[in-house]
Amino acid sequence: MWWFQQGLSFLPVALVVWSAASFVFSYITAIVLHHVDPLVPYISDTGTIPPERCLFGIMLNISAFLGMATMYVRYKQVYALNPEKSKIIKLNKFGLTLGLMSCFGLCIIANFQKCILYYIHVVGACLTFGVGAIYMLVQTVLSYLMQPEVHSKDIFWIRLTTLLWCCSSIVSSILLLCRAFHTDCVFSPSLTITQGYTAHLISTVSEWSLAFSFLSFFLTYIRDFQKISLHAVVSLHGQTLYNTPQSFVTDEQTLLIAGSI
């Protein structure tokens, strides 16, 4: 059995690989069709013109679904390991809410392109990476609170390092993006390079760094998810699908009266 086949570790692996592929494939398509400049364009610019826009959208929608599944499994794992610790349970629920908001933001990025509805696209980016960074912070704090019984110190430090990488990318991307838009800059190295182009270039590099730092955080889930297995239990209450046994109906009515259903 391969390492990514153990438990549910395929979930974070699929999330990271698929999301990275969505960025890379749309970038390659945009470069081949000469829709963007090949020297580190903004990620959103690689998904604004068909056909890469279609590829970008559908792949990010699938990434959002994989993200929700991964975050929910993580939530259930933390809850199962700390059933009596109210502080961790509340923080875990807060983290799940933030994670789902981040995935919703990813859907907005996928379906509202930068060139069509710019401000909605920016809102989606803020939800994805801004709220996503807070989700990373919550999970890092949970890793700290659960050591050494559940988590090792190594996992905590790895997640903290990835969080700091993500936050530094956010800050540099925002600051340099603002500088690029407030200066007389040329966004193509084939033309005359002005002072603003350097800020623009560093801003695009920061955006790519932000995307991959965010994805790298989920790689730390692989070892945890290897310890989770999923089983389906099927219980038949009769030999046919037409008539329900009277005993099963009686048991169901008893549960309804007792308020268990």
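Placement of Cβ uses the backbone N, Cα and C atoms for every residue, glycine included.
Per TrEMBL, the features are as follows:
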- 8-228: domain 'CWH43-like N-terminal' (DOMAIN)
- 12-35: transmembrane segment (TRANSMEM)
- 55-73: transmembrane segment (TRANSMEM)
- 94-112: transmembrane segment (TRANSMEM)
- 118-145: transmembrane segment (TRANSMEM)
- 157-177: transmembrane segment (TRANSMEM)
- 197-222: transmembrane segment (TRANSMEM)
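Same-chain residues lying 6+ beyond the ends of the transmembrane segment (94-112) with a Cβ under 8 Å from its Cβ atoms: 44, 56-61, 63-65, 67-68, 71-72, 74-75, 120-121, 123-129, 131-132, 134-135, 138-139, 142. Per-residue pLDDT, averaged along the domain 'CWH43-like N-terminal' (8-228), amounts to 85 for this model.
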